[in-house]
Each structure stands twice: as C-alpha cells, then as structure tokens.
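Pulled from Swiss-Prot, these are the features on record:
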BINDING   413-420, 459-463, 513-516  GTP binding site
COMPBIAS  30-44  compositional bias 'Basic and acidic residues'
COMPBIAS  52-62  compositional bias 'Basic and acidic residues'
COMPBIAS  101-248  compositional bias 'Basic and acidic residues'
REGION    30-316  region 'Disordered'
REGION    413-420  region 'G1'
REGION    438-442  region 'G2'
REGION    513-516  region 'G4'
Amino acid sequence: MTQLTVKALSDEIGTPVDRLIEQLADAGMKKASSDNVTDEEKQKLLSHLKKEHGDKSGDAEPTRLTLQRKTRSTLSVNAGGGKSKNVQVEVRKKRTYVKRSTIEDEAKREAEEVAKREAEEAAKRVAEETAKREAEEAAKREAEDAVKREAEEKAKREAEEKAKRDADTNAQRNAEEKAKRDAEEKIKQEAARKEADELKRRQEEEAKRKAEEESQRKLEEARELAEKNKERWSAAEEKKGDMEDTDYHVTTSQYAREAEDEADRKEEAGRRNKKKKKPSTKDEQARNSGRSQRGGKGGRKGKLAKPTSMQHGFDKSATVAKQDVVIGETIVLSELANKMSVKATEVIKVMMKMGAMATINQVIDQETAQLVAEEMGHKVVLRKENELEEAVLSDRDTNAESVPRAPVVTIMGHVDHGKTSTLDYIRRTHVASGEAGGITQHIGAYHVETENGMITFLDTPGHAAFTAMRARGAQATDIVVLVVAADDGVMPQTVEAIQHAKAAGVPLIVAVNKIDKEDANPDNVKNELAQYDVIPEEWGGENMFVHISAKQGTNIDGLLEAILLQSEVLELTAVKEGMASGVVVESRLDKGRGPVATVLVQSGTLHKGDIVLCGQEYGRVRAMRDELGQEITEAGPSIPVEILGLSGVPASGDEATVVRDERKAREVANYRAGKFREVKLARQQKSKLENMFSNMTAGEVAELNVVLKADVQGSVEAIADSLLKLSTDEVKVNIVGSGVGGITETDVVLAEASNAIILGFNVRADASARRAVEAAAVDLRYYSIIYQLIDEVKQAMGGMLAPEFKQEIIGLAEVRDVFKSPKLGAIAGCMVTEGLIKRNNPIRVLRDNVVIYEGELESLRRFKDDVQEVKNGYECGIGVKNYNDVRVGDQIEVFEIVEIQRTLD
C-alpha cells in the first residue's frame, strides 16, 4: 500500500497544501501537512470531489452494461503441395445490456416533452386568437371614441364660437353703454364743477361787498361821531394841548382801524383759498360726505376729517428747467447729461433720433454736444480748452519797438557735398572732423560776426534719415543756402532740400562747391537745378548762384555778401526788449546737467532765471551757454543758446516762450501733455478697425523688436523713422521703447521682456545696465554713424525672412528600353543626354514634353552595379519609386531643390 504525506500529495496533483487540507476536511478527514494519506482516503477524497462537482457516477448504479467476449481457435488450412498450415482464428463479441427502467424513463420523458410542446402550442394559439380579438375590439372602440370625440369637439367649438360672439356683442354693447355713461357723468361733473365755481365766486364777491359796506358804514359812523363831539374835543384840546390832540386821533381812528383790520383778514382768507389746488370731483364728494357724517353727534362738529387720499398736494413741474450748459472741446456723454440735469438715457435717445449712436461713457465733440443740448432746449456756452494757454501766452510784455536783426541761414544739401566744411571755413574752426564718419548728425546752430554784420547759421544733416531735421531747419530760417557739389550735381537730398525751402517760403541761395576739382562742372549743376525751378539770376531767375571751394576758401566772402544782400532785401526785424520767444532746434539728456535744449531766440531777450514754456515741458533757466560752451546771461534775437533747467526733454521744433508765472506754466504743460495723450489714444482707437484685417495676419509676420537710445531728440526721431520705413510685408520693425540719454537697467529689462535688441546711438550703458545685459544675454550694439546702424538692422531683418527655394535641373535622360525586375518592377534603360543623373534625387517623368509623374529616383545602375551618379553620354538603368508605367521614348528629368538666401530690397 502506497502512502504519501499531504504535502507530497499536494505537490503531485498541483494543489496548494492549505486548499488540499480544506478539501480533506470537507471529505471528513482532518489531516495536517505532515500526515500520511492512504489509498482508501484518496478514493474517498476523489468521490467527495466528484459529488461536489456534480459527477455522481462514482457511487451510482450503472444503467448500461457492456460485455466483451473473445474466443481463440486453430484452423488447419491446405497450403498446397500436400502441405497444410495452421491459422489462429480469434472471434470477438460485444454485447450491451441496458436497464429496462432507463428505457422507460426516457420514453416517459419524451412523451412528457411532446405533451408539453403540444400544450404550449395550443396555449400560444389561444393567446394569439385572444390578442387578435382584443385588438379588433380595441380598434373598434377607438374608432367609436374618435367619432364621439370629433362630434363633441365640433359641438364644443360651435358653443365656444357662439359664446365668443355673444361675449363680443355684450362687451361691445357694455363698452358703448359705459362710454355713454362716462360721457354723461363727465358732462354732469363738469356742469357741477362750473356751478360750484360760479357759486363760490358769487359768495366771494358778496363777502367782499359786505366787508366794504361794513367798513364804509363804520367809517361814516366814526365821522358822524367826530362831528358830534367836535365842540367837546375842541375844549379838551385847549386844556391838554398836543397830548390831547394825539389822544383824539387815537380815539377817533379806533373804529376805522377795526373795520380796516376785519376787511384785511377777509381779503387774506380769500387769497389763501385761491392759492389752494382745486380738488377733484371725487375728493370734493368725499369731503362733503365727511362733513355730513361729522355733524351727527355732539362734541365732534368742527373737527377735520381724516383724508381719504394719501397723495400729496405737490405737483412736479412738467416743463424742463433751462440750463446754461458749458461745453468744452470734448465732453463725456454722462457729464453732458449731468450738466443738463437729465438722465443719460434721455441724451442717448435724442442722439438716436438725430441719427447718431453713442454710449454713456463715449466722448463726443463740441459740435455734436451743442446740437444735442440745443435740441433739448438748453442754452449752450462754448468754452475753449486752451483758454488758460491763450491767457498765459497773451500775458507777455512784447510791446517794445522792432529793430533790425541778424538773418538766420540754414545750410542744406546732399550728404558729403561740403555743408559743414563751408561753415567751418566761415567760423575758422574744424567742426567737421569732430562729427562721426565725417557727416553731420545734429542741427548745429552757430552765429558768426562778419565785417558787415552778424549771421546765424544752422547746419542740417544731409543723410536721408534726417528729413524731419531739415524740415525744422527750413521752418526756423530766413534764408536757405543750398550747397551742391560741382562734380556730383543734383542728388536726392538736394531735391528734398529744394522742396523744404519752397514749402517754408524762404529764398534760396545756391553755393556750387568743389569748383577746384578737375571734374567740376558748374554749368551742369545750373541745368539740373533749372529742372526744379531753381533759375540763376543771369538766366532771368530769382536765385543767386555763388561758386565756392570750402577746402580752399575760394569766394567764401562772396557767399557772405550774397547772404547779407538777401537779408537787406527781406528787411528782417524783431523786438529786442521784452519777454523772449523762440524755437527748440535740438534737445538732449545730459547725464550731469539733465535736459538740455538748443533754442534759437526769434524775438525778445532771453535772460538767465526766466520761466520758459517749451511744448509739454517747462522750467526756470538755470544756466545758458553759447555754441562755444561759454556761460552767458542773456541772448537776443537770432542768437542760438543752450538752456538748462527744463522739467524734461522737449521735442525738437517746439515753440519756446517766456511766461510770468511758473504755476500757470506747469498747468499749461500738463494740459498739453494730456491733450497729446488723448490724441494719441484716439488715433490708436481709430486705427483698430482700419487695421483689423492686417492684424489678422500679424501672427504670420516676423517682428524685430528694438529699444532705441540716442544722444539727442532729433537723432531718435530720424533713426526711428528710418527703421520703421524698413518694415516689409514679411518682417516688421517694432520700436518698443526709445529715448534720449544713456542706456539704463530699465531699458535692459524692457528689452528682455519684449525679446528686443538694444541700439545705442552715441550713448553707452552704465555699469548696472552692463551687468543686466550680461545676465539677460540681451543683444546690445553701439553706433556712431547712422547708415551703419540702418545697414545692420537691414541685415538682421534679412536673416528673419522665410527662406526661398528654387528647383534647379541637373540632368536629363531618355528612355531607350524597359526591363522588368522582380524586385523593383519596371526598369528604364536610359541614355543620359544632358547634365548628370544622381541617385535619390527628385525626378519628373515627361511624355511628349508633358509631366506625367513626379517622384524620386530609387535605383540607379550601370552594368548591374549600383552607382551614385551617371554622367552625360553614358547608359544606365533607372528605377522610379512607386511608378511602373515607364515607356520607351519618355524623358526622365532630375532636379535639385536649392535654397536661395533672401535679402531686403
């Protein structure tokens, strides 16, 4: 007998030990993992598991018995040749015995199933017939109900229509009767009111008449009494003198005074009754009924009845109070409504009737506000916003006598034509060598003493970027000297200078420079200038032409004489005494001195300590310097000076005016700054709709953000204008910040936040700014010549342009034959007729010079060898990727895609 432990048995059958112990326990055998298990216990466990899993064949009586029988025998068979052979024969028999009760049970089950199916079918037929009958009955009932409902609804509709007609007829009849009754009632009430008014008027007249009669009667009685007692009173007068005379007047006038007082009281009561509001008919009836109710019981007569209506007796006037509305140049709609003492919605309604839409916070102009206020019946008082400014500027002492003044001469012309060199020779200095790159980048203002008088010169830049500077120079000048190089002739900035001079309406003197050069041609200059209406005097024109050489000093005196002669013709005068006024030629921010402005005095005398108003800035002049840097205390007309002490850097071209009161100057400056802000915001809001469609594609445009700092205001304007003109449809220059003065840490923070580059023109970054630049890795660049700055920005913009690609054909092959390859499909046997065929390049298949396929060259072979390229005149096999319809006579064109570096035009 084989015995195993529980643990070994679990390993053998692949069941966990704990699970096997539980199964043994369920079978009635408590075992541990180390206990032995006998064969009988195994059989018992197996029987238990079979029972548990529904297999009851273990202990059940077999219902079928199969018997197998096998018999063996030997059979002798004749094998031929007189021999016999024994053959083993085995007979197998198999017989199966089935228990009779099992057959009967199966037959019984089959009969039950047949009966059950027949019963179910019968029940199903009965149910179907029943459902069919019920459905027919339900349909019949629904049809009857539908007919019945339709009849009821028809009757109901007829009844409702009849009732509605009756109701309309009754309502119309009632309305007519009510209107008739109301009209009769109204007529009765009106008649009663008129009768009551007439009765009241007659009573008042009767009372007044009685009062007058009573007073007249008492007056007559007093007069009669006085006549009767006249003798007695005369005797009393003789005894008592003046005192008795007074008593007489008091005594005799007692009755008259009483009568007059009674008449006055009645008249005052009548006036009070007239002032009271006439009561309505209902209120009068209520008061009358109240009086009749109060008189019933004693002790309550004469008391006032409790009012039946809670409505006060004050009526708001229906007319609109007329207002004097003060309107400035602009006004907010809500403020206009407050000034007219009406709601803002009423103003909006009036504007809508006038054809204008507005919101409660919208700013409207003076003309619109005036029309609205007058439409609503108010008186309009128009007020100018710049009244204070006009008052301050008019309160100036400028009544002195005019005296001759020096001319202001602007030297203009193309770059490098010798403007500054001409002025240098006149001043006997060398200013040109001090300018970066040998070109003037500021407006230089100088005055020169000559033998024939003083002349003030303004030297303007000639570079294209300084258009605004040249325009300011032409506006502040009396005479323009146009310098033209005899070898170069008329250039673009020369033409622009002519246009500025004509726009300013100032005379033009042409100085033909560089006549000492071999290729100089002054006559050509005259011919070219004649095309722009600058005609020499010798040709019958009005313009003087002077041939000079700035380097040699040739005929410079002749130029000065021409200038003084022209100034004498103009008869230039100015007020020398009085408060000064002028124009800001240039301005900058000096690190040690603060805002510095170069002012050309045009009238009056500017003194140190004067209060100056310059555009949006103001201040007291703390110091004055001439063009040589020397301190001065006053400057007369046509003298350029640098002034210190302003509140900020003024804009070039602003008017500088001396005023009396610093407080008013500050108010005017603040008003101008606010006005500038309003105009700027209005311009931005106006451009929002105009730029809507361009802003929709703004994400596709590359932007170059720039923070610009320069030494003077004019350079900032010129550079900013030039950079903005570089913008194209693909790359846009965006100046996020600009200013005058050195580069500070704030500029670096702004550049870092906006991903911008910092451009410094003649300025440098301080120590903190340099540290911030290194920490933030911001691109900082310094420049001293403007065209170098513009060229580098143009290159940077070119690098931001999207690349452009071009297809370049490198080879052409002609298909001579077509082969089939099991791996690659159709292989074209080709002859290279042009250029070079390279592997893995894009190709086009041409048939009759028409492109029928574009793809990639997949296989290139020569003599069964894979090659990278095949040159002109050689044969090769070409496999086209994903294309098998190659025919003899086709052409295969091989090309390359080449990137073209783009630049700004």
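Every residue gets a Cβ built from N, Cα and C, even glycine.
When DSSP labels each residue, the compositional bias 'Basic and acidic residues' (101-248) comes out as 146 helix, 0 strand, 2 coil, counted as helix, strand and coil in that order.
Comparing the binding-site residues Gly413, Asp416 on other C-beta atoms within 10 angstroms of each C-beta gives the minimum for Asp416. For Ile515 (GTP binding site), applying a Cβ distance below 8 Å and a minimum sequence separation of six or more within one chain yields Ala486, Pro522, His547, Ile548, Ser549, Thr554. The helix, strand and coil residue counts that DSSP assigns across the region 'G4' (513-516) are 0 helix, 1 strand, 3 coil. In the three-state DSSP scheme, Gly413 (GTP binding site) is classed as strand. The residues of the compositional bias 'Basic and acidic residues' (30-44), classed with DSSP into helix (H, G, I), strand (E, B) and coil, number 6 helix, 2 strand, 7 coil. Note on Lys419 (GTP binding site): other Cβ atoms within 10 Å of its Cβ, all shown chains, come to 30. Per-residue confidence over the region 'G4' (513-516) averages out at a pLDDT of 86.
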